[in-house]
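One structure is given here, and the rest of the page talks about it.
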Amino acid sequence: MKELFPAKHVSGFVFSLILTGVALLVYFMDMSFAVGMTILVITAFAQATLQLVVFMHAGESSDKRSIYISVIYGIVIAILTVLGTLLAMIWGYV
Amino acid sequence: MQIDKTKPLEYSTEQGRLNILGFWIFIGAEVMLFATLFASYFTLVDRTGSGPSGSEIFELTPVLIETLLLLTSSFTIGLGVHAMRLGRTKAMLTFFIITLVLGLAFLGVEIYEFVHYVHVGAGLQTSAFTSILLTTLGTHGLHVTFGLFWGTMIVMQVMKRGLTPATANKSFIFSLYWHFLDVVWIFIFSFIYLKGMM
Amino acid sequence: MEFFERFAIPHPSPAIYASMVAIALTTIAVVVGLTYFKKWGYLWREWLTTVDHKKIGIMYMISALLMLFRGGADALMMRAQTAVPENTLLDAQHYNEIFTTHGVVMIIFMAMAFIIALMNFVIPLQIGARDVAFPRLNALSFWLYFMGAMLLNISFVIGGSPSSGWTSYFPLAGNELSPSVGTNYYMLALQISGLGTLITGINFIVTILKMRAPGMTLMKMPMFTWAGLITNVIIVFAFPVLTVALAMGTMDRLFATNFFTTTDGGMDMLWANLFWVWGHPEVYILILPAFGIYSEIIPTFARRNLYGYTTMVVSMVVISLLSFVVWVHHFFTMGQGALVNSIFSITTMAIAVPTGIKIFNWLFTMWKGKIQFTVPMLYSLGFIPIFTIGGVTGVMLGMASADYQYHNTMFLVAHFHLVIIPGVVFAMIAGLTYWWPKMFGFMLNERIGKWGFWFIAGGTVLAFFPMFISGLDGQARRMYTYSEGTGFGIWNMLSFVGAIGLAIGFALLVYNIYYSTRYASRDIGDDPWNARSLEWATHNPVPEYNFAITPQVNSSEAFWDAKKRGHKLFKAGYKDIHMPNNSGIPFIMSVFFFIFGFAFIFSMWITVIVSLIAILACMTYRSFEKDDGYHITAEELKKAESELRGAK
C-alpha cells in the first residue's frame, strides 16, 4: 500500500493545500490591493509550477527542452497579451 | 512497432513519445486560450452595467469546495500514473475512477453555483461582467466535462485491454490534461474569486 | 414555409440568382461525372480518406487555387465598381458583402491554405521523414479547413454574406446593424477552419522537432523548414485568441451576451483588440513561409549557398516574439493615450529590423552569383523591390501620429496589398512552380510562366501604386462610390486596369497547368533545377513512402553535398517501412462539423445537438479503434525502387 503513496506526491499535495491556505489570507485579512495581488500572484504561480514539475513530470523525458520552451513561451506571450490588453483598453485611456 | 523496454510504458513507442510532446504543445495553446479569457475578464470586470459586481455575488463556501475537490483529484490522478508505472493496473484504475468521481462532484457544485448566480440576477446576458464571468467559468467547466467523457473511455479501455503501450500513453496524456485543468482552476480561484472578494 | 424563409437572401440580385443556378449545375455535373466515370470509389479511397501528407498538400493547393479565383472575382467586381465615379454596378450592401468576403477568403481560405499546402508537401521531404507526426490529424485539419471554407462560400446563396468587413468590428457586426445571418457565417466558418489550423500547427511542430533525419540538427535544417517551425509556433499561440474572440462574438449575436455591445457595460473595441492580438501574428504566419520559400529558391538559382543562415534563423525567432506585441498599431486612433501609442509604435518599427536583415541576406546571396532567370527566380526578384515598398510604407503607418492621417484610407489598402501580394502570392506561385515537378513529375512551361509573371507583377504595381496617391488625397477605404469632383477617378481607373492585368496573369497560371499537363515532358529526372536541399534526393513524383532508405545528413544542403562533395546520403540497406492506414473518420467528422456550423448559424438547436453527438461518436470510435497501420516490406521496396530507376 505504501508504495502507492510516494512521498513526492504526498508532500506536493500538502504543499498545494498550504498555498491555497496562504492565498485565502487575502480574503480573511485586511490588506491593501497591492499586497493582496502580490500574494495571489506568488501563490498562483507557485501552485502552477508545482503541478507542472511534480505532477506533470515536465522534465522527465528527453524532450524536456522542447516542453519547457513551449510552456514558457506560452506563459510569456500570455502575460504580454493580458498586460498589453489592459494597457490598451484600461490603463492607457487618459 | 519498436518497443523500448528501458522507458516507462507510455514512452516506450516512438508514436507514444510524439503524442506526449504534441499534447504538451497543445497545452501551450490552451494557456493562450485561457489567457485571452483572463485578459477579457480583467478588461470587463468593472463594467457591471445595471447588474451586480463580483463581490456581491461570490460565495466562498462553494468555491472552496470546488478548489479542494479539484486539487484532490489532481493528486489522485498523479497517484494513478504512479501506480501505472509500478504496473499495478487495479490501483491505477481505482485512482482514475476516484479522480473522475471528484471531477463529477466538482461539476455538480459548479452547476449549483451557476444556478445561484442566475437566481441572484447575474445571468449570461445581464452585463459585460456577468457574460465574461460565466463564459470563463463555463469554458473551464466544459473542459472538465469533456475530461470526464474522455477519462471514462480511457478507464474502459484499460479495463478491456490492460496496460499496453497505447493505453498507458493515453492514460498519461489524460493525466496531463487533468493537471492542467487544475492549474487553470487555481488561476480562476485566485484572480477571479479571491481578487473579487478581496 | 416559415422554416425556409430564414434561408432567403436579404439582398437578392440577378448575379446571385445566376450564381445559384451555376452552383446547382456544377454540383449536378460533378455528381453525374463521378457516377458516369465510376470514380466514386477512387475518390473515396485515394483522396477523401487519405492520410498521406503529399496528397493532403495537393488537396490544400487545389482548394487554395479555387479560393484564389473566388476572392479574385470579388476583387474584380470591387475594382470595376469603383473604376468610375458614381458607378451603379453594385449597390452599397453588395459592395460591403464583396469586400468582406474578398478579405476573408483571401486571408483565411486562400493564403493560409496555400502556405499549409506547401508546408505539408515539402517539410516532411526536406527533413527526410516518412510523413508528419500525426497523419490522421493532418487529414482532419484539411477537412475542417475545407468545410469551413465551404460554409463561408455558401453564405451568399443561403441566408446572405457577411458584410461588416473581414475584421468584423463590433458594434457594426452586432445584431442591430448586421441583422442577417451573414456574420454568423463568418464566426462559425472561421471557428471551424481555425480549429483545423491549430491542429496543423501542433502537428508540424512535433514533426519538425522529432522526425528529422539522422544528423540534421536544428541548425542544419533547410530554411523553409525553419520558417515552417516558427510559423507553426506562432499559429499555436495566436489561433486560440481568435477562437475565444469568435466564440464571444457568436455569443453576442446568438445568445444576447454583452461582450461587445454598447449597453450594459459591453466594450466594442475589445473585439478589435482581441481580433488584432490574433490578426497581427497572422500576418507573420503568412509571410514567414514565404520568406522560407525565397530562401530556398534564391540560393538554387543564384548558384550560391544562402548568405547568413544564422541571422536568418535569429531574425525569424525575433519576429515570432515581436509579432505578438505590436497589435495596437491597427487601432492607433481608438482614443488611447500617447504613451500606449508610443510603445506600440516603437515595437512596430523594431519588427522592421529583422525583416530588413532578411532582405539584405537575400541580396548578398545573389551578390556575385550566376543568376538563372527561371520563373521561380523571377518571382523572387520581383518580390524584393515591391515588398520593400510595401514594407517601408508600413513603417510610415506605424508612426502613430502620422497614422491619424493614413488610417482607413486607400493608402493603407495599398500598403498591405503590396506586402501580401509579393510576400505571399508571389511566393506561393514561385513555390508551386519550383516544387511542381516534385508533386507531379513534370515541369510547368517556362514561357507561359514568364508571361504570367509579367502580367502579375505589372498588374500588382499598376493596381496598387495609384492607391497611395488617392489615399493621401483622402479617399477612404470601403467606400462603394465617390463623386467626380474628388478627382479619385483616374487613380481608380488605373487600379482597375491593373486588376485586369492580375486576372490575366492568374488565368495564364491556370492555362499553364493545363498546357503543361498535356504537353510537358515526363522525362525530367529527379533533379530538374539542380537544387540543393534534401527533398530533391528522392524521385519525381515522390513515391508514397517518400524515402526508401532514411537519409544521413550533415548540412542544410545535404543534397548539394551529395552531388558535389561526395557525401553519402543513403548508407543503410532497405528496411521495412511502417505506414499508417487510410481513414474515413476525419472526413466524416468534418462533415458533421459542417452540419453543426450550418445549424448553429441558423439557430437550429436540435440539429446542433445531434451533430455534436455525432462528432463525439466519431471521437469515441477513433479512441476505441485499434489501428497499427501496415508495413511495406524491404522486398517490395527493392522492387519499387528498381522500377522507378528503370523508368528513367
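Glycine is treated like the rest: Cβ placed from N, Cα and C.
Just so you know, TrEMBL annotations are computer predictions that nobody has curated.
What TrEMBL records for B:1-197 is domain 'Heme-copper oxidase subunit III family profile'.
Marked as transmembrane segment by TrEMBL: B:21-43 (among others).
Residues of the same chain lying 6 or more positions beyond the ends of the transmembrane segment (B:63-81) and with a Cβ under 8 Å from any Cβ of it are 91-96, 98-99, 102-103, 105-106, 109-110, 113, 171-172, 174-175, 178-179, 181-182, 185-186, 189, 193. The transmembrane segment annotation in TrEMBL covers B:63-81 (among others).
Long-range contacts of the transmembrane segment (B:93-112) within its own chain (CB-CB distance under 8 A, at least 6 residues past either end) are made by residues 62, 65-66, 69-70, 72-73, 76-77, 79-80, 83, 137, 141, 144-145, 147-148, 151-152, 154-155, 158-159, 171, 178. Marked as transmembrane segment by TrEMBL: B:93-112 (among others).
Look at TrEMBL and you will find B:132-155 (among others) tagged as transmembrane segment. With a threshold of 8 Å between CB atoms, the same-chain residues lying at least 6 positions outside the transmembrane segment (B:132-155) that come near it are 33-34, 37-38, 40-41, 44-45, 54, 93, 96-97, 99-100, 103-104, 106-107, 110, 113-114, 117, 122-124, 167, 170-171, 174, 177-178, 181, 184-185, 188, 192.
Residues 20, 23-24, 27, 30, 34, 38, 41-42, 54, 58, 60, 63, 66-67, 70-71, 73-74, 77-78, 99, 103, 133, 136-137, 140, 143-144, 147, 150-151 of the same chain lie 6 or more positions beyond the ends of the transmembrane segment (B:176-194) yet place their CB under 8 Å from a CB of it. Annotated transmembrane segment per TrEMBL: B:176-194 (among others), in sequence order.
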Mean of the pLDDT scores, which run from 0 to 100, over the domain 'Heme-copper oxidase subunit III family profile' (B:1-197): 94
